[in-house]
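Swiss-Prot has this to say about the protein:
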REGION    21-40  region 'Disordered'
BINDING   79, 80, 81, 82, 83, 84, 85, 86  ATP binding site
């Protein structure tokens, strides 16, 4: 007869650490960042402690205080991608468990494993065992990344697991859309919203990486990185690394200066000067000439119509025109962007853009008479 082992008799040191299932967010080891050239900068410069997390100091200080007082509740961190949610939880794990934190956390990506079976098996098995590897009974941590992608049945099952194993386990739920998480789970967690990073904090962190990698980036290039990332630090670091690799001259020991144009060309976004030129044509040239010129610059620089529409919409706010005309332009451009999202013909939609501006021009001229 097989001898059964109680969950309390299991030593976590004897359990093989689980391989985290995530979206490329590999857990960085305790200590200084790895120095391998092949390491993505997103992982190489991931914050190792709560003090290293950029921005959100009020949230970080609150979590730090709860950790110091041994009063850490279940957490629900939500907000746009690249704002430091996962990095914050991993920093908390390092602070709580030190070098043995891998044995004390279960990291799952709910986009990959989001069914009810994961909650009933993997999560419940991990939560039901108690660890004495740190010399005393200590709570463990379950990190559910992209929890908003879990099915409703899995979320209801998770609610019961959280209630049952609160004494031995803390749960940290991470998601982009809090409205996709059932109210029963939200009420069992302390919620923190991570807003997009502002330009000041992003610039400071990017300058740190630029200095560490010994890059040369112009002020305009840095501003372009901040603008294109829209508060997403992960996106900013990926763009910086891609631009560095694309602009690096193999014949020289040092990379050339990264400019605004390098950043825009690497990402495929239209340059601000190109948008100004296109807007000038739309507001001044006849239909046939404007169509020819915009088509030519679109083909020559490999621009996408949807990117042109987005940038022109932002540019409209900088132009002095009657409010009624501005409202009509934005409404028409929104319809064009909607049609483009369904794969409508680019040439037809380019004609629609020019027609929209031609009609707006006629209204402005008529009002001036």
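Residue numbering: from 1, along the chain as shown.
Note that Cβ sites are derived from N, Cα and C of the backbone, with glycine treated the same way.
Sequence-ordered, the extra residues of this chain that approach the ATP site, with Cβ no more than 8 Å from the Cβ center of 79, 80, 81, 82, 83, 84, 85, 86, are 176, 194, 232, 233, 234.
In the three-state DSSP classification, residue 80 (ATP binding site) falls within coil. By a simple count of nearby Cβ atoms, those within 10 Å, the most crowded of the binding-site residues 79, 84 is 84. DSSP classifies residue 86 (ATP binding site) as helix under the three-state reduction. Sequence-distant neighbours of residue 81 (ATP binding site) (same chain, 6+ apart, CB under 8 A from its CB) are 176, 232, 234, 235.
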